[in-house]
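J.: What Swiss-Prot lists as substrate binding site is PHE57, ILE58, ILE59, THR60, HIS61, ARG128, THR328, and the listing cites sequence analysis. What Swiss-Prot records for HIS313 is heme binding site.
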Amino acid sequence: MSCPYAGNGNDHDDAAVPLSTEVGKIYGEYLMLDKLLDAQCMLSTEDKRPVHDEHLFIITHQAYELWFKQIIFEFDSIRDMLDAEVIDETKTLEIVKRLNRVVLILKLLVDQVPILETMTPLDFMDFRKYLAPASGFQSLQFRLIENKLGVLTEQRVRYNQKYSDVFGGDEQALSAIRSSEYEPSLLELVQRWLERTPGLEESGFNFWKKFQQSVDQFLAAQVEIAMEEPVEQAKNYRLMDIEKRREVYHSIFDPAVHEALVKRGDRRFSHRALQGAIMITFYRDEPRFSQPHQLLTLLMDIDSLITKWRYNHVIMVQRMIGSQQLGTGGSSGYQYLRSTLSDRYKVFLDLFNLSTFLIPREAIPPLDETIRKKLVHKSV
């Protein structure tokens, strides 16, 4: 069957009219397939002991790296668009579109793991000796993705050495790592964007003050309900639960407590950015906050899918080499990979925890006419 985009879609029409009379590259030349399809060098074959599944191993990891390259391409373009004082609705729509593309790519990468799992541990052992000292830990592009997303160096789990040391004397790789560490990450740019959320201004709608008042009223109403509980033990339990909730809310209303949690690594956003994220979450049904809410949701999807990919990778490694063997690059293998599943690698952790601070819909402060008019004319 011929490509429908190459002619008029008629498989039997040998006189297809070309789209252009200009001389161009044919399919294989344009995609440089001669280089791409000749890049699978099986070391077992060179050793005259060819192992069939080594070919699958190479192809799968090369496919990962190609998709990593596309993710970096999308992240860089998104960071460029976010790096502005004002982001109009058109740009927000484009950012949402490209983040969604990254989400779909990551879903594809997660689904690639079962293909590798068609290889048995014994099959893998047949060629594993050829891999050392190579290791997935040495994937430069995955490290760049982490840094561009916002994984902090101090949050990383160390294994024997700093993560960038595995690139040794590769100055080009080290330069790329350094640049990715010092350039504004997606986390930093999203934080700046959230800090500008309209409605946070103390001289205007002052959402944060209204939210605190709503929380106080909500908790006071809960106390009244608890006090009517006839069973003393149940009443005390309810009152204790309300006090715990009050402490949780206090952690976002007191800037000093919030800052302490940031320094401890339990929160990522600045206090102002967290306020913006909560406001967007509450008013996501408002037209002006619809796209920003989609953007925040997609950031959580990206974090979730990377975690899911890490988890699938961990399970596959345990299945292939067990829990005690070292990785081919000298890491602790399964133990190291399992440690990367913690929240310290979750960049947009604060977005996942927003549900902790929700209040009933009827308690959410209503938008007044002034802020509604402002939202009509102001980009977020």
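Cβ atoms here come from the backbone N, Cα and C positions, even for glycine.
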J.: Do any residues at least six apart in sequence from ILE59 (substrate binding site), in the same chain, have a Cβ closer than 8 Å to its Cβ, and if so which, in order?
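T.: Counting only residues 6 or more apart in sequence, the Cβ neighbours of ILE59 (substrate binding site) under 8 Å are GLN40.
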J.: Whole-number Å distance between the CA of PHE57 (substrate binding site) and the CA of HIS313 (heme binding site)?
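T.: So the alpha carbons of PHE57 (substrate binding site) and HIS313 (heme binding site) sit roughly 13 Å from each other.
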J.: Would you mind checking how many other C-beta atoms are within 10 angstroms of the C-beta on HIS61 (substrate binding site)?
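T.: If we count other Cβ atoms within 10 Å of HIS61 (substrate binding site), we arrive at 15.
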J.: Around THR60 (substrate binding site), how many other CB atoms lie within 10 A of its CB?
T.: 14
J.: Over all shown protein chains, what is the count of other CB atoms within 10 A of the CB belonging to PHE57 (substrate binding site)?
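T.: Total other Cβ atoms inside 10 Å, all chains included: 20.
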J.: Where does ILE59 (substrate binding site) sit in DSSP terms: helix, strand, or coil?
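T.: Reduced to three states, the DSSP call for ILE59 (substrate binding site) is helix.
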J.: Using C-alpha atoms only, work out the spacing between THR60 (substrate binding site) and the residue listed as 'heme binding site' and round it to an integer in Å.
T.: 13
J.: Could you state the whole-number distance in Å separating the C-alpha atoms of ARG128 (substrate binding site) and HIS313 (heme binding site)?
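T.: The Cα atom of ARG128 (substrate binding site) is 16 Å away from the Cα atom of HIS313 (heme binding site).
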J.: Provide the number of Cβ atoms within 10 Å of the Cβ of ILE58 (substrate binding site), excluding the reference atom itself.
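T.: A 10 Å sphere around the Cβ of ILE58 (substrate binding site) contains 16 other Cβ atoms.
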J.: In whole Å, how far is HIS313 (heme binding site) from HIS61 (substrate binding site) when you measure between their Cα atoms?
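T.: Rounded to the nearest whole number, the Cα-Cα distance is 12 Å.
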J.: Including all protein chains displayed, how many Cβ atoms other than that of ARG128 (substrate binding site) lie within 10 Å of its Cβ?
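T.: There are 17 such Cβ atoms around ARG128 (substrate binding site).
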J.: Where does the residue listed as 'heme binding site' sit in DSSP terms: helix, strand, or coil?
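T.: It is helical.
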